[in-house]
Amino acid sequence: MGQKTIKRKIQSAERPAEADVAFLASTQHSKDLCYEYDAPEEVAVEEPVDETPAPETAPERPPLSRAKTAAVKPQETAAPTTATIADVPLSAEEIVRALVARKLKKPILSIPTSKSVKELCNGKSTLQNEIVGDFHSEFTNLPDRPEDIPLKELVPASQSLMLGRVSSALLSKLVSSKMPARFNADAIGKYLASKWGLGPLRSVAVMLFAIAAEPEARLGSVAAAEKYLDDTAAKYAEWAGITLQERSTQSSAGGGGSSGTVDPTVLAELTKTNTRLAKRQFQALAEYLQVDLMKPSSEQESEALAVELQQKLDAWTAEFSEEFLAGVAPTFSEKKSRRYNAWWNAARQDVLALFSGNLQEDLSRDAAALEAFLDRLSNRAGESLLAMTRSLSRRNQANAIPGLTDIARRAEKAISSCIDRPATAKVHLPATRPRTTVSDEGDIKFNEVPRPDVSGHAAYADVLQAKDLNGHPAAARFVSLKSAHSHTDLTNGMLDRIRTALDSGMSFAGKNILITGAGQGSIGAEVVRILLTGGARVIVTTSREPSSTAKYFQQMYEESGAKGSELILTRFNQASAKDCENLVDHIYDSSGLDRDLDAVLPFAAAPEGGTEIQDVGAKNELVHRLMLASVFRMLGRVIKNKRDRSIDCHPTQVLLPLSPNHGTFGGDGMYAESKLGLESLVNRVQSESWSDELAICGVKIGWTRGTGLMNANDIVAEAIEDHGVLTFSVQEMAFNIAMLMTPELVDLCENAPLMADFGGGLSALEDCAKILSAARTEINTAADVARAVKAEDDLERAASRTLPAPSSTSPVAKKSMLRIGFPRLPDFELELSPLEHLRDIKDPSETVVVVGFSELGPWGSARLRWEIESKGDFSQVGYMEMAWMMDLIKHVDGPTKNGYYVGWVDSKTGESVHDAEIEARYGEVIRKHSGIRFVDPEGSAGYDPSKKEYLHEVAVEEDLPEFEASSATAEAFRLRHGTNVSISPIEGTENCRVQVKRGASIKIPKSVPFTWGSVAGQLPKGWSPKKYGIPEDLIPQLDPVSLYTICCVAEAFYSAGITDPLEIFKYIHLSEIGNFLGSSMGGALKTRQMYRDIYLDKDIQSDVLQETYLNTTGAWVNMLLLGSTGPIKTPMGACATGVESIDSAFESIMSDKTRMCIVGGFDDFHEDESYGFSTMKATVNVEEELAKGRLPSEMSRPTAESRSGFVEAHGCGVQILCRGDVALEMGLPVYGIIAGSTMAADKVGRSVPAPGQGILTFARETGQAQLDKSSPSTNTTSRTSSVSLARRGATVSPLRASLDAWGLTIDDLDVASLHGTSTKANDLNEPEVICKQMDHLGRTPGRPLWAICQKSVTGHPKAPAAAWMLNGCLQVMDSRTIPANRNADNVDPALQTATHLCFPTRPVRVQDVRAFILTSFGFGQKGGQVVGVAPKYFFATLDEEVYKDYSVRVTKRSKTADRAYAKALMSNAIVKVQDHSPYEQEDQSRIFMDPLSRITEDAETGSYHFDTKDIRNVADVKARLTRLVRGERLNARPDAASGLAQAARSAQAWIEKQTGGRSSVDTSTVGIDLVDLSAFSAHENETFIERNFTEQEKAFAKQSLDQKMAFASRWAAKEAVFKCLHTQTKGAGAAMKDIEIVKSDNAPKVKLHNDCIKAGRKAGLEDIQLSISHGEDCLIAVAIGIAGNGPAKYTL
């Protein structure tokens, strides 16, 4: 019946035909119903036997030629497999080839292992970097420069490996993204084993072949996957030289019966199905019974184990204390070591600073500083340094800088005499003694004062040999030296050696010395300084993170490091046994420093003050371990390493820090015991077996003032000396110890242990503790008395008022004045007069100048970045601006809860904040959240590198639970997944139930830490465009980079002194300003929204597409701020975009297409871009940097030896470029001159980001150029432009021409601003390029440029990079300060050959910066350079009157702009968005098409608009006259300037009279003309006179005493009237007879004839007023057309 029912349902389509239904009856199928199964029949399966024994090591792979014989043999059906292929370990070659093949997208068998990565990549550096990066992640201990080594030699052939990070991840990704459901890694292994007999290791090898040839898409079925694996296995077999035979399993029934074969795949699938069913049932029961399956079954055992371990830990902690356990934790890591050996660059800095900076002024005033400086130069002497000194000295002789000649001569002598001499430490010890005083306020002060009766070099030696209190020689009392065993007194010899060392110095050249315990201010640190001065290679340890101590040691090395010296700083805990072993092993190991120590100074110590015997605890045990037990361990490790390397003829000298304090002081824990314990080593030399490895010298260190251990006792040092004990300064004791390492004393030490006593007689002092106690009591009593007297005086003064009131010493809190920072104006007499030759060779109208600039970056504005770059910290004003920018404070001017208040308040609490309090309150927050730092998700659109999100594709192995969705969405699922999705409509709704079935592939989000790019130069936290005044409705619509740029451009106008950008159009046409802002990526956030968010089905704005275009940002700038019709050009030069923008604008202005341009670049920091850079290995690996102990602020290290990639940044940089005459006319500040620029591509290649040298073409010329007579530097009567110079052909390079146009040579370049990205390749290529250019152009050797690497503080912002660099160069010229590259802790030794560059690591004040060269490189063969010249050269082209006039106007403009900017900042209105165009719509066309249209300023409101009746703004008569005269002055001869000024004043007076003092009058037209009388000769031409003058005019002229003046004045008047009529000209030769100038009693009158009358009436003129003003050699005619409807007065 059941069967019939089902059959009927199938026929009626109520049930699918393929439904699998089983019918069981209890009478026939009772076992099946009760789940009873028969026991499985045992089948004898013959185990496969490998007849060949497996080799112990991996067999050598056969050559490919042999592999051709390999084959896959199909198995005959009846024959069972009896052999299994031997499993072998993976070889490095297999992994290497797989990784390379995958990157190159080539078959794995086509990769020859005899070639290197570089050869295989065929010049593609990005690909090469990726492969090498994968190798470093995959393997350990790779050789240096693995890209140059053949693949087969990269990893030892005998090394068997497991998969590394990269290969494991690739296999995992292959399985998850390309294999069908349930065909996971385990299934793949089983398949290869069951079918081909491959073991687990060979299966992995097959999968390595698979990752080199992945399927293009996910394989649709298990069968397809098996076919893919079969093909891959065959390729592997071909390479491995093995034969694959398909395996099968056979089962036979007895003789002659039927036989059957069991398919293992089917069996495995059945087993898996049953297991899955059982698991489901188990989980369902667990859920029903509320059993937590995730809870460990052995929870009680785990808890018991935890209790046991905790008890052990508690016992250890109770015995040793947590402090002890923490104190012995190892900290040594060779990765955290820092190396300093760039003594050569420090020498260059010193010499260059001497000749170009203000160093000579300091040295001239301080004889001791001068002597130390000369010693430093002599210790760094070399041929190149001598050549540099001589070259700069010759230049100084020409410039004659006062006081420098003598210093230069002495410096040259010091260097030349020491070139072949090893470095020598000359220690200058001014003998000092302690002095303790008590002030009137009761303050106890300790000072060092000179000792009486001693002076000179040997003063310290004299002190040591002075007589004691009884008048006896005291040498043996203060210091002594004895042989520890024979007790031979060697004191006199040591004293002689001390005198010799003080006089001649000590050399430690070539010595390797380890010093522990050399913290700042310690004896050890001073010993390090002396050793470095003597040329030693010193390894010094620090117990703190290197980042906190590195600056101190870097500065020490720069001050003291001599030639051949080296300082290695490493973190080390001497209390840790492991650190003691690891440090010494690292020094001796060939993979470490590979050095044998000449000396060890285990000076590490810790204070134990205030601890008596009853208080001794775990801390004292820790210190005892550090100062005694660990010293033994460390020395023992030295012995072991020497013996392992058979070093038995070079004992390492050990200077043991002993003490005369054998409990003398008391209360110092186990300090004395530790020192006494070390003394035992003196005897162990004879009683133990290591005398060939170590030479012991005990050093009893006496009372040393100023150390960390003795600080508390310094105030009683004077009392101790009063009792005949000698105390030492830190420098004196360090000298004593260093002297023991001189060759003579080392020889004595090797013969027998020495005991050097520098106790100063302390051990002989009786009752030391009582003396100290009494002295301390006396001092404290004196202080108490002084304080009591002062308090009494204060009370008496308050009561009687008879005593004088104390003067107030509390400083008045300073207010901050926020200023834009306009450039200083040079003094005409001192700075411009010496350059007067430029007045005749340079035309301002053919000059491009920078009149404004701004930036927005990790340090905020350009001003703030400069403070950090040049000084390392913010000023008070800087902190104020930064706090405002980060929304920590806001300005109020109005009523508050505490009354009316004007000033800053806290943004959150509203509490008032004084300017002087800002640093204290917000300084830490500001420093933490600005600059280069860990990426803040808030500042990067939510991107968190610690949780970088990816989509992981998986194949669904089980049907997923149903979920509800709309019918449209459900159909979309079906469209994507087909039959792998089932849809069931929900009755009564439009929704469906959707179930994703087994076999579907889905993507699951996952988060992975992405530490590589987790550091960046982000905008200061809290920055908001709203603070700048951008309307809130625009902020979400625009991409962040557009917001950055709008804010930047607005601020750049303020820096140009322009408070309203529309003012520009008073002077130039709307079309004459260009917008050349560029970007490398454009609106990254909006681009991501358009591509990724649409894919993720997120809501996005409908016009997001427009925000992704690179030119959209420039469009927003124009639409919101300017409304110009000039060109918008959007350069895209990757990281060189900024230079390309400048280059394009320079060409545009010089070709007269524009007169002003906005240039610069903008870019964002974005997740996808950051990941892209990391895959190219271009950016710094943050994880590795942190492992090296680097702080985020240290990770951008241009030119440093340890640099490892650039740090990304974002923001915007802007400049406003302007034609020189426009800048003068407007009275704009001039920050610098753009003298020349270029862009260049590079050679043939395959690598887009590879650094090139195509930019060398900027210096292209045929040998040393010989300038012809028309050159500006040789012919002072010709005016030339940069463009004409650049076209001089092969003899003059564009670079030379750029400088020559301003009378400068290649030697006058002072600064090179480097692209300096902190990548290995760029930072070597760029200096090489610049040095080649300098060599080719003949720059004098020995005159290096200062190399500025700005990215050390900003990171690399891509497109704005060159804009920020240019801003920095302008600030360098104005401040005359060369900023430091503080992160270049050790300049790469490879840059020593770049002799035309000096890399400053400290700021340098210089006397002048004449010119700079800026270089930038971008991916995609974009190279560019810009030459800039100081603004004084531009001003030198002006005569004094013009310059003074300009100075007045620019000063007024600057003050106005400063006030306006401060007001705008405090009111959050820096950006003033234009709501509408400054003209009526109906006037637009004629304004656009009239080149003379100009905007009008409203005198009452200060706003700007185009006057419908006067679109040319001719009504502004005075302004027009001023502009005309100013322009003429620029072109006039110097001797004609005064006459021009006289005529101008007369014309201005007439205009004042006519206009009543108003700037505008009700006029229709104005005409102005100027005639230079010295150039006027037309009156001699009869034809000219006949055509242009009426009979009356000719008669008047001929009756005049000066006919030339008469005709010239009438001609100027005619021209002015003609301009006033605004009629269309008939050409230059048109007659002017229709305009007649009639003599009148008061002023000349105008009489028009014929067509001119019509023109006047057409212009709506009722009258034309005329003035002719005379100067000495010129005259000015002004014609004003008066509008009106009355009878025309000009018809007479």
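Including glycine, each Cβ sits where the backbone N, Cα and C put it.
Note that the structure is predicted; figures quoted are calculated from it, not measured.
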Match it up for me: which of 44-80, 118-154, 229-265, 895-931 does Swiss-Prot list as region 'Disordered'?
44-80
Can you give me the Cα-Cα distance between Asp1569 (acetyl-CoA binding site) and Cys1135 (active site, for beta-ketoacyl synthase activity) in Å, rounded to a whole number?
49
Quick one: mean pLDDT on the domain 'Carrier' (90-174)?
81
Cβ neighbours of Ser1640 (acetyl-CoA binding site) where a neighbour is any other Cβ within 10 Å:
10
Relative to the Cβ position of Ile1668 (acetyl-CoA binding site), how many further Cβ atoms are located within 10 Å?
25
If you draw a 10 Å sphere on the Cβ of His1315 (active site, for beta-ketoacyl synthase activity), how many other Cβ atoms land inside?
31
Taking only the recorded positions Cys1135, Phe1618, Leu1621, which one has a CA atom nearest to the CA atom of Ser1669 (Mg(2+) binding site)?
Phe1618
To the nearest whole angstrom, state the Cα distance for the pair His1315 (active site, for beta-ketoacyl synthase activity) and Ile1668 (acetyl-CoA binding site).
58
Just give the helix, strand and coil counts over the domain 'Carrier' (90-174), going by DSSP.
51 helix, 6 strand, 28 coil
Please give me the recorded positions out of His1356, Glu1615, Ile1668 that lie within 10 Å of Cys1135 (active site, for beta-ketoacyl synthase activity), comparing Cα atoms only.
His1356
In whole Å, how far does the CA atom of His1356 (active site, for beta-ketoacyl synthase activity) lie from that of Ser1640 (acetyl-CoA binding site)?
72
Count the Cβ atoms, other than its own, that fall within 10 Å of the Cβ of His1356 (active site, for beta-ketoacyl synthase activity), considering every protein chain shown.
29
Could you tally the C-beta atoms, other than its own, that fall within 10 angstroms of the C-beta of Cys1135 (active site, for beta-ketoacyl synthase activity)?
27
Per DSSP, to which secondary structure element type does Cys1135 (active site, for beta-ketoacyl synthase activity) belong, with helix, strand and coil as the options?
helix
Cβ distance under 8 Å to Leu1621 (acetyl-CoA binding site), same chain, sequence separation 6 or more: which residues?
Thr1565, Gly1567, Cys1652, Ala1655, Gly1656, Ala1659, Leu1661, Gly1681
